[in-house]
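Engineer: Got a structure here, written out as structure tokens. Questions coming.
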């Protein structure tokens, strides 16, 4: 009976090959799944698979390079293993659904090019060692498979280069006048017209994400953008299609596979793979090799072929493929492509994709109130460990963010509120009107000094105001009749206010790079907690909330805000204003980076504003206060009493 060590030596390379292939299959199916799933376990699994796939393939190549020369050995064990080096090249080429895990990977495409040269050289050396007379039968299929592997690896490097936001060339719509949006004269525009418009606007959208300013846009052809206002009620679907296309352009091989050279190379790669499989079936004498080696080779061939079929189906259902076929009057093929594409559009319309979740974080959690049992225990343990190493007993924001942040599904009401408010802002900028705040006027007047200090302070104080106001709102409705009426009329407003409030604080804590904040988030939150402590009567949970209320009453005149449905509407609208202000100040590259994590509601608002030429990249800007003295004034996030407009 073979010892365990002998068994491991015999099966090590086989297991490495099978593990490498398994990781590739997982990445293919899970690569695009991450854009609609915020589960931490799933994202960590994809990250480990992304890093581990390259590590396993490279380790296997190194293992094969240390095997004895087949031309000098008569052992039958693993004589076929050198043929597997070409499969490892195919695996190093990655999958169509994920070439970059983070946007920074695209900027490192030159490093991947050097890796390509090194790994191809190593694979060539391994394969060269197997070219003895008794291995000529696998040489011919091996050459075809080697060609396929080099092309696949080259595709990955090319895709990383194209995915970099520094690269804005080669974005051409799939036709000339044939793909010009048609039927944009009413609200009954169909999905085909929306997809045509998305294809035409793709170069401009990529420029949005690349951070081009107004002067750079003046040099681009944005004539098709003037028809944006004629899309009727299909703006949301258009934006979701554009975000989806941008994700694939940045994090997959989509840009490569719609270029002529990319299509030719893909066809050559697939043909070479199939020819290698056929030649292996015909030429190779299976009796000369062990059954286990033959079985592993079959798994790699058949599994790789099935993955290529799935990849081809994804290409067929791409909007670019449908546009290309439609522009060239290939009606039957275009109909087949549209059938597959329409299924994806249905998922977009139902909110199953971009953006489908929004983060939530509350100042209540940061102050240590209403924590779950697990969060409380972990926070206590980490705090004790930090104090033991001399880190002090300061609040650990990162552990609170990790344990207390959560994601909720974005409902239709939130999306419609954002879209309607951007349209309303567009109208205000067109007719010169200004939004007034009759119920929140005293609070906004007091907040002017905060707005001049730091946007983070505005978010924290407004979040605390919202939390305190919502907690006491129903207490003001004394009678059951009033409570029923309030529940019926204002429950949706309460939900929207809390979701928007928690979302903006989540962005401040988890993704401050997307917000126009200057100071440290930890410092901002600690400042607020210290101010609350000055108004506390004791140290309990109730005292913390009472201290927060007293702070807000003293600092921003919270007691002058009367609980009513109209006040709730103004609080919701004020949060929408702050959301649009943050979107207008944000950079395009931060939005592109967040696409890999499922996207953000802020990105949806930012892209809609960009289409309407609102934001810091345009002349129509949003500011927190009236800081301009010229004739061209920006739109204010809110209007202070006393004549400011």
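All residue numbers here begin at 1 and follow the chain in the order shown.
Glycine too: its Cβ is placed from the backbone N, Cα and C atoms.
Automatic prediction, not curation, is the source of TrEMBL annotations.
Not measured: the values here are computed from a predicted model.
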Engineer: According to TrEMBL, transmembrane segment applies to one of these ranges: 134-151, 152-169. Which one is it?
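Structural biologist: My reading of TrEMBL: the transmembrane segment range is 134-151.
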Engineer: Counting only residues 6 or more past its boundaries, what in the same chain has a CB within less than 8 Å of a CB in the transmembrane segment (109-128)?
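Structural biologist: Same-chain residues near the transmembrane segment (109-128) but 6 or more away: 58, 61-62, 64-65, 82-83, 85-86, 88-89, 92, 142, 146, 149-150, 153-154, 156-157, 160-161, 164.
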Engineer: Using a Cβ cut-off of under 8 Å, list the residues of the same chain at least 6 residues beyond the transmembrane segment (13-33) that approach it.
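Structural biologist: For the transmembrane segment (13-33), the sequence-distant neighbours (Cβ-Cβ under 8 Å, at least 6 residues beyond its ends) are 42, 45-46, 49-50, 52-53, 56-57, 59-60, 63-64, 78, 81, 84, 87-88, 91, 94-98, 248, 251-252, 292-293, 296, 299-300, 303-304, 307, 310-311.
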Engineer: Near the transmembrane segment (296-322), which residues from the same chain, at least 6 beyond its ends, have a CB less than 8 A from one of its CBs?
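Structural biologist: For the transmembrane segment (296-322), the far contacts come to 14, 17-18, 21, 24-25, 28, 80, 83-84, 87, 90, 95-97, 174, 195, 198-199, 241, 245, 248, 254, 257-258, 270, 273-274, 276-277, 280, 334, 336-338, 340-341, 343-344.
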